[in-house]
Structure formats: structure tokens, C-alpha cells
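Q: For reference, TrEMBL lists these features for the protein:
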type	residues	note
DOMAIN	50-205	domain 'AAA+ ATPase'
BINDING	62, 63, 64, 65, 66, 204, 216	ATP binding site
DOMAIN	297-369	domain 'Cdc6 C-terminal'
Ligand SMILES: Nc1ncnc2c1ncn2[C@@H]1O[C@H](COP(=O)(O)OP(=O)(O)O)[C@@H](O)[C@H]1O
Ligand SMILES: [Mg+2]
């Protein structure tokens, strides 16, 4: 019997649960400044005052959501009259879904799934806050998924001006934008009331990734499962994307690869083959949130690699039967969510001709669409 072989009832994972994506780490460093900033903005709520609104921005996997969860956890200990709600806009991507999430947090039951308007639920939520003298702190996480059809502007506007319609209502908004490029511009009417404290989340530096991933490895695996060499390789991969979520997924998949080989240690090859999948994790998860028509459109764009909106519309219409307005909205949504880029061609003076290109490798998009 080879004692280097893992037995069927043995495992290299000391605690695999710390590699799940919704795991909230006990130890959270390198984000002290951001945590402080958010705490200061929310602190007025503990004294019955309206909190300062915040805008958190930075690339995916830089600790934005975790920061909010940590701060909420800390503040909940000191504040009976504040209700903290985090809405994942990737999951709840309509106005109704957002307010339904808040409603559920307050009333502990879901509102009826149909036949109730946003306004109606909003009214119930605000009346509840006023009557019970509660302050609402609502985090709209990954608000970029609400950008289409003016949803983000509508939700923000309603929340930010709630006190005008419901005197005494106290609402603080934390908007989280996952983005690397130019930030979305809210509608001017939103900007006139949204003067947030801005908190930036830069990519983690190499040594920060090393520290964070090192800790996670120590918790997740038994000693000596991950050699220094393998650890460096993992940190190197994560440093390329800058996305810690990719890193944590990579640890999990590498570990599973090693177990599949009945090995007591993770090899470089285990990491390499895991990386192929982890790299696409982010893209795949966000593509899942698109509607079937949007996916059709994205697929066409990936297959064409580069095309003018005119040609693209023809193909899209043939396949879906949908009209130009819907098409136009969807192209804008894919652009806003940074799946594709759209640039005016400069050719022709007729105005609206744009060149549409995928921002990812077309093969990667097609693989995630499968
Ligand atoms: N400073 C940190 N220390 C430990 N784990 C972290 C840290 N920052 C992020 N993580 C982990 O990385 C993953 C992604 O973080 P998350 O807060 O979801 O990023 P974002 O919301 O910016 O996309 C989470 O699983 C989280 O536990
Ligand atoms: Mg997040």
C-alpha cells in the first residue's frame, strides 16, 4: 500500500467550507481604511440621525461585499433601531425585486409575487420605518445589474427622497459598483440628491494576495498539502486577474483535482487545470443572470467578433423576431455591463452606426453560454 495515496475516506481539506464563495472570513485585513470610512458614514444612524450615503467602487473580488457585511455585523451589535439590508442586484435585478427584498427583511415574509406594484411595497416599507422609528440602511450590491431600463435611477431616487414623501423616514443608501472603468453616471435627478462618500477598493497588491490566500490555505487544508511553490503559483494566477474570488475558487478546484488523483498534496498541474475553469467563473456567473434574448444577442456578438449595429440587428431580428427598440436597449445593457464595447465607427454621417465588439475572448463567452 502506497502511503502517499489518499484513502477513499480521507481528505486533504481541514475545513472546505472556508472556500465557499459566501463564506465570511473571520480575519479580514487590508481593508481597514474602507471599513473605517463606511463606519463613519453609518454612525449617525446609531444616534437616530440619517446616515451619510456611500458609493463603494472597484473591480470584482476586491472585498467590497465583505466590507459591508463586516461593518453591518459590527454595527448590528450596537443598534436596535437600525435595520441593515443587503440586496444582491445580480439576483434581484428589477425595482420590484429590490423592494421585495427590503420588505422581506422588515416583515420576515415575502410580499405576494405578483399583483403588487413597487410603489405599494415602497409605501408599506416607509410607513413601517416611520411608525416604528427605525432607520433603514440599504446596500445595493452590484448595482450595475440594475442599470438597464432606468431601474437603478428609479430605485435610488425613490430611496433618497423617501423622507420628502414620508416625513420622518430615515434611509441611508450604500451603492456598490463593480467596475474597473469609468463609473456609470446616474440620472441628473439622482445626482442632485446623491452626494455620497466615495470609497475606493483598489486591486490587492501581490503581497496582500499572498497574505490573504496564505491564511485561507491554512484554514482550508491540512499542513503540507500546499507547498510554497504551489502557493506562489496560485498567488501568481490570482494576481493576473486581481480577483480574489477567482483565487478562492482556484484553491477549491485545485484541492478537488488532487483528491481525484488520490494525492495528499496539490501539484502545479492540479492548479493549472483548475485555473481554466476558475478564470471563467466570474464571466459564467454573470452571464447566467442575462435573459434568454440577451444571451442570444451576446452569442451573436461573440460569433461575429466585430460587427456594425445594422448587420447585428438583422441577425438578431431573424432569430428572435424582436424589434429595434428592444435590440437597442439590449446592446446598451451589454455595453453597460461591460460584456461588449460599442464605438461609433466614424464612418458615414447618418448617426447611429456603431461597431460592437466582445470585451472577452469570444471562445470564453461561447463556452460560458453553453
Ligand atoms: N481582505 C480580505 N481578507 C480575506 N478575504 C477576503 C478579503 N477580501 C476579499 N476576500 C474574500 O474574497 C472573496 C471576494 O470578496 P468580495 O467581498 O465578494 O469582493 P467584491 O464584493 O469586491 O467582488 C470573498 O470570498 C472574500 O471572503
Ligand atoms: Mg461583491
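Just so you know, glycine gets a Cβ as well, placed from its N, Cα and C.
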Q: Just checking a number: largest C-alpha distance across 62, 63, 64, 65, 66, 204, 216 for the ATP site, rounded to a whole Å.
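A: In whole numbers, the farthest two Cα atoms are 18 Å apart.
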Q: Give me the long-range Cβ neighbours of residue 66 (ATP binding site): same chain, 6+ apart, Cβ under 8 Å, in sequence order.
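A: Correct list: 24, 25, 28, 31.
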Q: Where the criterion is a Cβ under 6 Å from an atom of ligand 1, which of the binding-site residues 62, 65, 204 meet it?
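A: Going through 62, 65, 204 in sequence order, those close to ligand 1 turn out to be 62, 65.
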Q: Checking the binding-site residues 62, 63, 66, 204, 216: which ones have Cβ within under 6 Å of ligand 2?
A: none
Q: Could you pull the average pLDDT for the domain 'Cdc6 C-terminal' (297-369)?
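A: In the predicted model, the domain 'Cdc6 C-terminal' (297-369) has a mean pLDDT of 87.
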Q: Inside 10 Å of the Cβ of residue 64 (ATP binding site), count up the other Cβ atoms and send me the figure.
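A: Step by step: centre on the Cβ of residue 64 (ATP binding site), count other Cβ atoms within 10 Å, giving 25.
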Q: Using a 10 angstroms cut-off on Cβ to Cβ distances, just flag whichever of 62, 65 is the loneliest among these binding-site residues.
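A: Among the binding-site residues 62, 65, the lowest count of other Cβ atoms within 10 Å belongs to 65.
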Q: Please list residues from the chain of residue 216 (ATP binding site) whose Cβ is under 8 angstroms from its Cβ, counting only those at least six apart in sequence.
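A: Long-range Cβ contacts: 18, 19, 25, 248, 251.
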Q: Which of the three DSSP-derived classes (helix, strand, coil) applies to residue 64 (ATP binding site)?
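A: Where residue 64 (ATP binding site) sits, the three-state DSSP reduction gives helix.
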Q: When DSSP states are grouped into helix, strand and coil, how many residues of the domain 'Cdc6 C-terminal' (297-369) land in each?
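A: Grouping H, G, I as helix and E, B as strand yields 41 helix, 12 strand, 20 coil.
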